[in-house]
Amino acid sequence: MVGPNGNESSATYFILIGLPGLEEAQFWLAFLLCSLYLIAVLGNLTIIYIVWTEHSLHEPMYIFLCMLSGLDILISTSCMPKMMAIFWFNSTTIQFDACLLQMFAIHSLSGMESTVLLAMAFDRYVAICHPLRHATVLTLPRVAKIGMAAVVRGAALMAPLPVFIKQLPFCRSNILSHSYCLHQDVMKLACADNHVSVIYGLIVIVSAISLDSLLISLSYLLILKTVLGLTGEAQTKAFGTCVSHVCAVFIFYVPFIGLSMVHRFGKQHDSILPVVMANTYLLVPPVLNPIVYGVKTKEIRQRILRLFHVTPHTSDP
């Protein structure tokens, strides 16, 4: 931003504009977003509670699911309180350091979730393609180490981003085009050469998100090859154990890739599309993941029904 003498200065705060063009409707839309947030939190907490209390579910597949649910809660919580403050109380300002912290939280948690989805794909690959080795390859201590590796990897990859932005001067507008702080959005307000930050962001996407999605695709190609060699009930069961995870992969990667493409190649001036996609990216996966796993996973479905005192049908597939 511009200092008193017209010189470059460091940013002290940013302004989040919420939903451009829908300012009058923001107050009412906030109720919908808040409802989705509550559904996401309650749904994912239910998944965590069921797996935690049912010892028969203390297996790699369900422990990874707990990690996914925990990350979904954290991702949505990292942005929703400020979004509600914007829509309901017109509290549009966010301090520079708070913006960088929110940006780091959103991107690092997304990186962790990508790693957990990769781990879940590996779990399905070993369980279906090498079932006799599953118990020895994915022991509970090893699953815990994978979880820690996901946390370290996500945090380490994203830690340089706020450091790079902290070094940049800001002499242009301090208005961000989203309801929360994103790296691409903040970076564009800098008035100095930001190629280092841009290049590092691309390296992170290629080395982490793109690599994860490629390895997940490879895992399912190998799984598909094995499953097609099965017959009857074994084939149906193998397909059934993968459906929920495949849905979770698409729910996570499609909005993420779409948002990245729009930011880098789309014309965003006076467009609400990137903002809607950004809100979708942070809210839809946390809402849909517990629903998908609750509906498609027999063990989770039966325990949810039992939790709410509903007797499951004995013919449940």
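Just so it is clear, glycine is given a Cβ too, placed from its N, Cα and C backbone atoms.
Now, the feature entries from TrEMBL:
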TRANSMEM  27-52  transmembrane segment
DOMAIN    43-293  domain 'G-protein coupled receptors family 1 profile'
TRANSMEM  64-89  transmembrane segment
TRANSMEM  101-122  transmembrane segment
TRANSMEM  143-165  transmembrane segment
TRANSMEM  198-224  transmembrane segment
TRANSMEM  236-259  transmembrane segment
TRANSMEM  271-295  transmembrane segment
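Using a Cβ-Cβ cut-off under 8 Å and counting only residues 6 or more beyond its ends in the same chain, the transmembrane segment (101-122) has close neighbours at 61, 64-65, 67-68, 71-72, 74-75, 78-79, 82, 94, 143, 146-147, 149-151, 153-155, 157-159, 161-162, 165, 180-183, 186, 204, 208-209, 212-213, 215-216, 219-220, 245, 248-249, 252-253, 256, 282, 285.
If one looks beyond the transmembrane segment (198-224) by at least 6 residues along the same chain, the residues whose Cβ comes under 8 Å of a Cβ in the stretch are 111, 114-115, 117-118, 121-122, 124-125, 128-129, 153, 157-158, 160-161, 164, 183-184, 187, 238, 242, 246, 249, 253, 256-257, 260. Remote same-chain residues near the transmembrane segment (143-165) are listed as 60, 63-64, 67, 100-101, 103-104, 107-116, 119, 183, 186-187, 190, 194, 196-197, 200-201, 204, 207-208 (criterion: CB distance under 8 Å, separation of at least six residues from the stretch ends). Cβ atoms under 8 Å from those of the transmembrane segment (236-259) belong to residues 61, 68, 110, 113-114, 117, 120-121, 124, 127-128, 209, 213, 216, 220, 223, 226-227, 230, 274, 277-278, 280-281, 284-285, 288-289, 292-293, 296-298, 317 of the same chain, restricted to positions at least 6 beyond its ends. Within its own chain, the transmembrane segment (27-52) has Cβ neighbours under 8 Å at 19, 58, 62-63, 65-66, 69-70, 72-73, 76-77, 80, 83-84, 87-88, 279, 283, 286-287, 289-291, 293-294, 300, 303-304, 307, counting only residues six or more beyond its boundaries.
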